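Copied over from TrEMBL, here are the features:
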type	residues	note
ACT_SITE	115	active site, proton donor
ACT_SITE	179	active site, proton acceptor
Ligand SMILES: O=C(O)CCC(=O)/C=C/C=C(\O)C(=O)O
Ligand SMILES: [Fe+2]
């Protein structure tokens with residue numbers, strides 16, 4: 001199948017707590033390049049791996065992986081609400097194949113998604129409905145998490161499921177590198193927050209959502225000003241991860257235990273599982289090459305922010321090649 005990959009960080013703070021104009025423009029340029037690449041590739045199907053942040057998935061039933069046969073954006077952080085254009089038949093086919101290959105995943109006919117899915121869609125397509133999509137949720141925040149290697153197994157199985165599909169397929173991974181924004185954790189959350197991590201967190205009122213989101217913005221401002229006791233970003237670790245994914249050396253990442261990710265990259269570094277899955281799906285189609293790689297630590301967004309584009313090595317001759325950012 002003709003295939004390409006875009007993996008990108010997301011951050012709910014984009015537009016709400018921006019870095020300098022220079023850095024904002026730099027990122028805008030990188031995302032414009034990614035959008036131009038995608039426009040040229042003209043995908044007929046997007047398969048997106050992304051996490052959730054207690055907007056769609058709660059502790060009433062928290063699967064490690066879930067494929068959406070229909071999906072709806074909850075509209076967090078000012079993003080649009082509405083249905084995604086899910087390719088239901090493809091979702092069931094991929095789900096059945098992945099299960100047959102021995103990777104367990106749930107299926108949802110009513111998947112609620114947040115900025116984890118919505119931002120990359122908007123970065124690359126401007127709207128929620130521009131392109132048929134199969135959304136695949138990977139739990140990256142709600143402990144206990146399985147080993148990172150399992151997200152590689154998921155990605156490999158999805159890649160195998162797609163191998164005979166003749167459509168142009170864009171694989172997308174959505175999540176940060178090192179980062180530790182204030183996403184609550186069951187282990188140490190206050191009782192009223194624990195309530196929110198259970199089913200009762202679903203469909204908050206406008207006021208409840210605004211209060212919660214204001215807290216995140218306030219925390220990011222304090223973090224960027226050096227005031228808060230949050231974990232620093234880790235560009236060295238981010239480079240290791242980007243190098244490993246660029247070279248296809250997955251073992252450098254997935255053979256580590258979950259504590260390594262938290263120690264090196266903070267709790268939300270588990271979001272890199274979405275990239276691991278997307279890259280593993282790509283690697284199943286043969287050798288690949290990263291064509292473009294951007295990285296910059298952006299504290300205002302609580303993110304080691306990166307965007308990469310990769311294609312099968314055979315497609316490289318047609319590539320736009322660029323490397324931007326501060327760490328390569
Ligand atoms: O909104 C909340 O309840 C907690 C804050 C939150 O979800 C932050 C998410 C940040 C990212 O998605 C990220 O940096 O990857
Ligand atoms: Fe996130």
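Think of each number as a place in line: the chain as shown, counted from 1.
Glycine too: its Cβ is placed from the backbone N, Cα and C atoms.
Take the active-site residues 115, 179: by the count of other Cβ atoms within 10 Å of each Cβ, the lowest one is 115. Between the C-alpha atoms of residue 179 (active site, proton acceptor) and residue 115 (active site, proton donor), the distance comes to 16 Å. According to DSSP, the residue listed as 'active site, proton acceptor' sits in a coil region rather than a helix or strand.
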